[in-house]
Each structure stands twice: as structure tokens, then as C-alpha cells.
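S.K.: Mind having a look at this structure? Questions to follow.
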Protein chains: 2
Amino acid sequence: MTEPLAVRELAAALDAADPLAAKRAEFDLDPAVAYFDGNSLGAPPKHVAGRLAAVVREQWGGRLIRSWAEGWWDAPVRVGERIAPLVGAAPGQVVVSDSTSVDLFKTLVAAVRANPGRDEILLDAATFPTDGYVAAQVARLTGHTLRRVPLDELSAAAGERTAVVLANHVDYVSGRLHDMAEGTAAAHRAGALMVWDLCHSVGAVPVRLDGCEVDFAVGCTYKFLNGGPGSPAFVYLARRWQETFDQPLAGWAGHADPFAMEAGYRGAAGVGRARSGTPDMLSLLALDAALDVWDDVDFAVVREKGLALGDFFFRCLDEILPGADVPTPRDHARGHQISVRDPGGEPVMAALHERGVLGDFRPPDVLRFGLAPLYTTYAEVLRAVTTLREVRESLH
Amino acid sequence: MTEPLAVRELAAALDAADPLAAKRAEFDLDPAVAYFDGNSLGAPPKHVAGRLAAVVREQWGGRLIRSWAEGWWDAPVRVGERIAPLVGAAPGQVVVSDSTSVDLFKTLVAAVRANPGRDEILLDAATFPTDGYVAAQVARLTGHTLRRVPLDELSAAAGERTAVVLANHVDYVSGRLHDMAEGTAAAHRAGALMVWDLCHSVGAVPVRLDGCEVDFAVGCTYKFLNGGPGSPAFVYLARRWQETFDQPLAGWAGHADPFAMEAGYRGAAGVGRARSGTPDMLSLLALDAALDVWDDVDFAVVREKGLALGDFFFRCLDEILPGADVPTPRDHARGHQISVRDPGGEPVMAALHERGVLGDFRPPDVLRFGLAPLYTTYAEVLRAVTTLREVRESLH
């Protein structure tokens, strides 16, 4: 179809005025593809492949076992410090380790242990599934009850039985942004601890973990942080909880003196206590390299562009696909994704892929379009909506 | 010092006759260094750096999110199948996932759940520390008692209260090899399940998990399998336990239909049920590449050379450092390492490092020399012992 002239010109004007336009050249992206899945797998910064090969040759090969003492062993905390500013954390509270699922298990068990005399875990009912699976296991092992509550009712649901509340900062299906300050305060008023899952918000929306007095948080690094497929997750432990953090995956890497090989566990001082086994160094150093793209970026500009891309997505829908069923909030209480319900389901997304527009599909009927301000253009947003209309016309 | 002529000539003759001599050229090793820490961090096969860079450029960059459906998602099981022959496992019983510490937690909890009505976990008292830390947490969460028993007494100690026995196949300090068939049979006679930690045996000694009717095992891939620093560990689930495997880190990657995003957990059929979160793909594919070096190798030859390197190490000690205190068994009940006690402790190993002989130190007084048959030479063994004598003479 022909794109309406007004939005085509608007896209060009917005791209021309984009203060992040030069950033796209730092990423390895096929120019034939419009990539809308940075909310699931961020694109690789161009320098990562070479940096990783150099790590293998120079650090692993060249220095061999000596590299553990020359930066590797401390890398989980060092890389955590690079993520801390992106989540509003003062230094010493973020460590990179394991997967989100595993980190959730650690923090949930530690949270219920830190809040004894209560027997309930409250969970955002719309959570990404793994959080629910893990929370159910934690409840089972600790003798707690897991109660799933719609996000809007979480704050009111927290009560005197509630040990901990677990919620997603940005909903993975709708892209809706939850109020971290309000949710955390409500949990605290009930005497509960608050754990936030930041997977869909870190690198996209402003996160103020310290400012909201959050207790614990976990997040993933392979979405908006572009750390690579399955790159290790991170844990935030508020400083006030570190000394007593009592976690179930108490492996040797979290020990106060790991190379003393003591028979008994003594947790490390600081956030390193959230570590478990030997850290996965190649993936961690790929993430370390990928984080370089943030060094010269003002996060406020990133957020502003993410919202502007979303606003323009809505504008294009209004002009090209009026009446589209969009669960993503039109106001700015959202992350960097636009979701469109389509009764055609997964085949619609497959057809978009065939036409070079790469989003993804979430059951039962949601097409997700991630907006990565570091590389997504307004022209691509227009292309996505135009192509979606073409696909709908061809399939229906 | 001057090396005794006989051992110098013997080293040359042994290297000349080494059927694996050509393998060394496949590894990226500084020729000035004699590397004896392949039992802690295996050396990189030369092709890994390039393969990993290609994964970043072609799979992550070129195919982006599509790569998950084009081989990534199934890679943990596919790479597990490559490890299976090295641990005597028929197909479908090994999966690569997480760290050894995390995998131990999964298997121990699943093992005690699979053997109800018993309240004790028995642990090899000389275990690598992380196993003990994790077992203590499992005992605490499941209401079991953790009892630490010297390795030689484990079999007799298993009784009607014992739910599970956890032991190390090769002791990380002494290099001693435990009898897997006998230990497993003793656990089974007592009605207990048997979990083996293979970290120091996989890729070094013959492992017959199926043949010994082992229930569960875990192992690491960054030692003799050369997977890279902190490369992901593996879990062996005997087929008979898979259908009921009930693990605590039940994340979305172990779900029967992960992309259906179901609110309730249903474990996958098969060994994939031991997976937890999103797999760490770059590290996993580095391991995948590294495993290529085993493709054209007869494992019996690897074991034979590992023992011969050890025998030659003893011969050199006898000639050059008679009376050395060696906890490693002189008979062949050992892995591929020789340990030497030295009252000089860690400074002795530091001095060896300065002279280009890279082993490692374990408290209180053990110098460890790993023997990696794919790249260690007999001449290097002679150099290690000669250099050790020089260091001792200079320090004492």
C-alpha cells in the first residue's frame, strides 16, 4: 500500500531530528530488516564479536588460569556496577550472575527468610511465566502460600500474612509500566518486602530502585541491554539487606573467601553474596563489551525517544490501521514496546517476518513490536504498520 | 639444575611415540609456558575464537531473534548429546545448563523428593566446598540432615535413613578416583539414590553412568572439556528418573511448551526438564565448538596417556625430588592430576608461575599439576618437576 504522505514526511522529519541517530551505526543490523524484537533479544553492538574473540585469544588463551586473578573473578560485581546507574542504584548493590529464573529463586527465598512469621507470597498474576513457576517452587519449599493477584489489586492485597510481593515492572505482553514507587510503598505498608522483575524495563524506562526503597530486584541483560542471547541476569540487593542476605544457592562464588576452600559457608560481604557458582565469563564479558554503547548516552534522551517511537507507532496505526486493538497504554505508562492484538495470531507475525519486519508473537493473539531507541528508526515504525496492513489484507 | 639423562631421554621417546602428539597443535598455547592447570581451566582450542565471533556476527547479528528457532533453543540438549558418550550415557540423558552449583541444587532436591520417608543426605567429607554449601541448603530447605563422611566410609554409612548420597568421582585435592560402581551399588543397597559430581573426571577418566546405574550426576565443562572460563555445566538424569524429575529451579526453559506461556508449570519430557532459565548461548556455543577436538579421538587413548603422564611424573619425582609428599595414588586409581604437598605453600606455586610452569595451589599445602592428554607433553612434565626442585632450592 501507499503510505499516507503526512506520516511518511513525519517519519523522515523525526529521523532527521533524532539525537540518537548516529547510534544505529554502532549496531550490526541487516539493512534489509526492520528489527522490532530488541525487547526480546537486543541487536549486537558491532564491536562485541571482535572483543569476544580477543577475550578468548588473549585472556583465556594468552593468560590461561591467571586471568581469574586478573579481572575475571571480580567481573560479576564490576559489570554489575555498570548496570547500577541504569536501575537507579548507588554502587555496590548490583551483581551479574546466572539467569533471571535462578536469580528470582535466590531473592525470593532470601526475602521470605528475611521476613519470618508470615506465610504468603503475592504475585502479579500477569507475570512472565517463569516468575510464577519459580515462586511456586519457593512457596512449596518454604511452606508459604502463593497467591496470584491482578496487577491493579496487588497493592490492596498485601496484608499481614504477606512476606513478599513479586511484580513485573513492565508487563511483557501489554508493555504496561507499573508504578514502582506506589507498589513498593504499598508492600512496605503491609510489612512485606518487595521484589521487582525488571526484565522488560531495564534499559527502556527510568528505574529508581534506591529512590523507591525497593528491597530486591532481578533483571535480564539480553533485551534492551543487548548483552547477547541468554546473557547473564543481574540481582539488586539493597544495601540494608546485604549483611543478612541468606540465599539458597549459596555456592562457592558467593563465599567470603572462596579460594580458602572452607568446608562451611560464610557469605561474602556486599552484593557478591548473591553469586552462586563459577561465573560464565565469555557471556559476561560479551555483556561487558555490549554495555559500552551506553557510555556516551543520556538515558533521558533514550527514554524520550522510546516514548516518541511509541507515540509515532500509535499515529501510524490511527492513520493506516484505525481501530487496531492495542493493549499497550496510549499514555506514557508503558515500556518500549507496542502490542497489537490480531485474531490471525502467529501466522500474521510469520508473514511479517517474511517481509522483513521482525517482531514476535505471544499467545493468545498478541503481536509485539519492541522499540529500541538506540537503533530503531521512525521510518521502520512506519514500515511495520504499513506491512502489518498489507499482511492483514493478504491473509484475511 | 641438570635433568638426569635417563628421564630426559625417556621424555623425548615418550613424546615421539605419543599418538595424541598432533592434538596439541589444535590448542592455543603459549610455547613458553608449560600449562598444568587444564584440570581447572582447559586451554582454548584454536578455532573457538573465530567460531564464537561468527556466532555473534552470523547468528546473533545476522539472524537475530530467528536464531532461537534455528538451533539455539535446543542447543542445551544437543550439546548434552555430545557429552553423553564421554560419561557413558546413552542418548537423551545429558543436558547443558547453568553452573555446577546450581545443577547440584536441582538434582539434590529432586533426589530427596524422589526418595521420600528418609531424612538424611550423605556427603563425601572431602568434597569440593560448593557441593557441601549447596547440600547444606538443600538439607535445610527439605528438612533433611546433612552428614559428612570420609569417602572410604560412605558406602558403609548409607542406611535406612539415607535419601541420597553425593560424592565426587575424582577428589579435587588428591586426584584420587573413587569407585563409581561400588559406591553406587552401596547406596542402592541401602535404598538411597546416588548423585556423582564428575567435575574432575569428565574428559579424564572413563565414566560409566549407565553401566553403574547412577541416578543423577553433574559435571563441569571448563576443565578437561576445555569449554571456556565458567562454561555451563551439565546434568545427567538417568532415563528412569526423567518422567518424575521434580526440580526446584523449574524455570520456563524446562517447561513442556515454553512458548505457550502457560501460567502453570508442566515439566518437559526427557532430560530437558532439568533446564531452568534462558540458556546462556554464547558460552554454550563456545563449548559446542570446543567439543570438536574430541571428534577424532579414541577416549581409551586419552586415558592411557593421562595415566602415562602421571606415571612419568612419579618417575621424575623419584629421580629429581625423591621423598616428595604426594597424596595422589601411585596406582591408577586417580584422575589426570598429580598433587604434591609442599610446606612452602602458595609462594612455591607463585615461583613456579614466574618460571612459566602453571599449576595451581589448594590449601593448606597442595601444589596441583593437571595433566591434559590432548596437549600436555612428557617434556613439560619433566620441566615441571625440574622447576619445582629449582624453586624449592631457591626458597628453602
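Each Cβ is built from the backbone N, Cα and C atoms, and glycine gets one as well.
Because the structure is a prediction, the values reported are computed rather than measured.
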S.K.: Going by TrEMBL, A:Thr100, A:Ser101, A:Phe128, A:Pro129, A:Thr130, A:Asp131, A:Asp197, A:His200, A:Tyr222, A:Trp252 bind pyridoxal 5'-phosphate; tell me which of A:Thr145, A:Thr162, A:Thr278, A:Thr328 is listed for that site too.
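M.R.: Site partner of A:Thr100, A:Ser101, A:Phe128, A:Pro129, A:Thr130, A:Asp131, A:Asp197, A:His200, A:Tyr222, A:Trp252 for pyridoxal 5'-phosphate, according to TrEMBL: A:Thr278.
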S.K.: Here are the binding-site residues: A:Phe128, A:Tyr222. Which has the lowest count of other Cβ atoms within 10 Å?
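M.R.: Result for the binding-site residues A:Phe128, A:Tyr222: minimum number of other Cβ atoms within 10 Å at A:Phe128.
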S.K.: Rounded to a whole number, how many Å is the Cα of A:Phe128 (pyridoxal 5'-phosphate binding site) away from the Cα of A:Lys223 (N6-(pyridoxal phosphate)lysine)?
M.R.: 14
S.K.: List the Cα distance (Å, whole number) between A:Thr130 (pyridoxal 5'-phosphate binding site) and A:Lys223 (N6-(pyridoxal phosphate)lysine).
M.R.: 16
S.K.: At a 10 Å cut-off from the C-beta of A:Thr278 (pyridoxal 5'-phosphate binding site), count the other C-beta atoms across all protein chains.
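M.R.: Result for A:Thr278 (pyridoxal 5'-phosphate binding site): 26 other Cβ atoms within 10 Å.
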S.K.: Whole-number answer please: how many Å between the C-alpha atoms of A:Lys223 (N6-(pyridoxal phosphate)lysine) and A:Asp197 (pyridoxal 5'-phosphate binding site)?
M.R.: 13
S.K.: Look up A:Lys223 (N6-(pyridoxal phosphate)lysine) in the DSSP assignment and report helix, strand or coil.
M.R.: coil
S.K.: DSSP three-state call for A:Thr130 (pyridoxal 5'-phosphate binding site): helix, strand or coil?
M.R.: helix
S.K.: How many other Cβ atoms are found within 10 Å of the Cβ atom of A:Thr130 (pyridoxal 5'-phosphate binding site), counting all protein chains shown?
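M.R.: So the Cβ neighbour count for A:Thr130 (pyridoxal 5'-phosphate binding site) comes to 29.
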